């Protein structure tokens with residue numbers, strides 16, 4: 001089948017626009033880190049991964065593309081399946097910094113598969129699968145939330161701290177204000193659960209958040225629960 005020159009030009013323009021739309025299909029990322037002590041200290045509880053109890057440190061929940069209006073894309077390319085062979089060189093870092101705490105105990109691959117297929121595919125024109133996971137790992141290390149909080153005297157000791165002091169400690173270290181997400185422990189207390197920081201569309205640097213998520217609200221004082229335990233598994 002032959003096409004006229006004008007038709008070919010139109011087809012090329014449509015293709016170029018399609019690529020451009022994909023590459024600009026989000027405005028920034030949330031890098032979301034979770035405190036495992038708060039995940040486990042709920043009625044739902046948790047299960048340690050097959051590799052053992054994670055370190056007493058924040059762990060990655062995900063790297064999520066978002067729009068400036070607060071909405072977000074998801075499941076953008078159902079044909080781009082998670083392929084664990086593409087991140088084999090990152091496996092030790094993923095086990096350490098992006099562990100699963102869901103029950104039953106797992107090795108992390110279902111968690112990583114979910115994050116890639118729901119969120120990662122929405123930025124695949126900028127970050128391929130390997131780059132997506134490596135960027136999240138690098139951003140976690142760059143933020144170093146546990147050190148930022150410890151430096152400010154805020155420690156996972158089961159005590160209560162003001163939300164503003166937690167935000168200030170992270171902002172002093174990272175340079176940008178975070179969003180703090182809380183959950184509720186078995187006694188009904190609000191506790192530090194997740195920390196959101198915003199990242200530019202290339203996945204390289206922290207930025208001021210264009211918009212904060214609509215998550216669970218915290219009280220003015222929240223618990224920072226311990227994640228130390230004599231139990232090897234739950």
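The backbone N, Cα and C atoms fix where each Cβ goes, glycine too.
TrEMBL labels come from automatic prediction, so no person has curated them.
Same-chain residues at least 6 positions away in sequence with a Cβ under 8 Å from that of residue 61 (active site) are, in sequence order, 32, 33, 34, 194. The active site feature in TrEMBL is assigned to 61 (among others).
The feature active site is assigned by TrEMBL to 115 (among others).
Look at TrEMBL and you will find 119 (among others) tagged as active site. If you draw a 10 Å sphere around the CB of residue 119 (active site), it holds 25 other CB atoms from the protein chains shown.
Marked as signal peptide by TrEMBL: 1-23.
Around residue 115 (active site), the C-beta neighbours below 8 angstroms that are at least 6 residues distant in the chain are 62, 63.
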